[in-house]
Amino acid sequence: MGKECRDIVELKEKLGIYVDDKLLLQAVTHTSYAHEQKDVVDHNERLEFLGDAVLELAISETLYKKYPELPEGELTKLRAELVCELSLVKIAEKLDLGKYLRLGKGEDSTGGRDRRSTLADTVEALIGAVYLQTNYDQTKQLILDLFKDQLSHIDNQRIGDYKTMIQELVQDRYGDPPKYQIVKESGPDHDKSFVAEVQINNEVVGRGSGKSKKEAEQNAAHFAFQKLSK
């Protein structure tokens, strides 16, 4: 088995989804490689164009459903953070994508395998190839798997922001800051759970649980914010 065939098999295993060999090979083919060949070779720019659109739709839909309380402007910011070049490069590095690229000699000799723009474009081309081979739902699932760490990071950021967000909301409406209280503590010392309540003018507006007091308060703030911003 030649190197290209081995590379394609490896990449398929990493993606965990069937893609036609020819289509997958096209997805990792840079324009510089195609231009150096005597025979006509398809490069990945059209697949990148398609993958970019599918990626944006999948992330937009995910954020829309995940954060029903956020306005359009905030959703746009989160999407931009997720589909930026840095985010795509992290995914490329996780797949060791540079190893599989088909590059022209000049591009290869000048560091093309590590070039951020090339890696990011190739991730989008792979998404385009998967979409053509399968369907939107399967491609979306692959995207969610690939972006799992980035989505989790945003989740953690959002939870951390809710205490600040509800503080601003409550002080603007009521003048006084919200108050937090731990109302339940259970479990052994090495595995405790906590329940917190957030109160506004002595009225409980949110309750949340967590493995630490801070997490419980953050989750209570999240619940309260969703309730008050309806």
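Backbone N, Cα and C atoms are what each Cβ position is placed from, and that goes for glycine too.
Here Swiss-Prot has Asp121, Glu124 binding Mg(2+), and the candidate from Glu45, Glu48, Glu56, Glu197 in that same listed site is Glu48. Cβ neighbour count for Glu48 (Mg(2+) binding site) (all protein chains, 10 Å cutoff from its Cβ): 21. Within the same chain, residues at least six positions away from Glu124 (active site) with a Cβ under 8 Å of its Cβ are Leu47, Glu48, Gly51, Asp52, Leu55, Leu88. Taking the centre of the Cβ atoms of Glu48, Asp121, Glu124 as the Mg(2+) site, the nearby residues of that chain (Cβ within 8 Å, site residues left out) are Asn44, Glu45, Leu47, Phe49, Gly51, Asp52, Ala120, Thr122, Val123, Ala125, Gly128.
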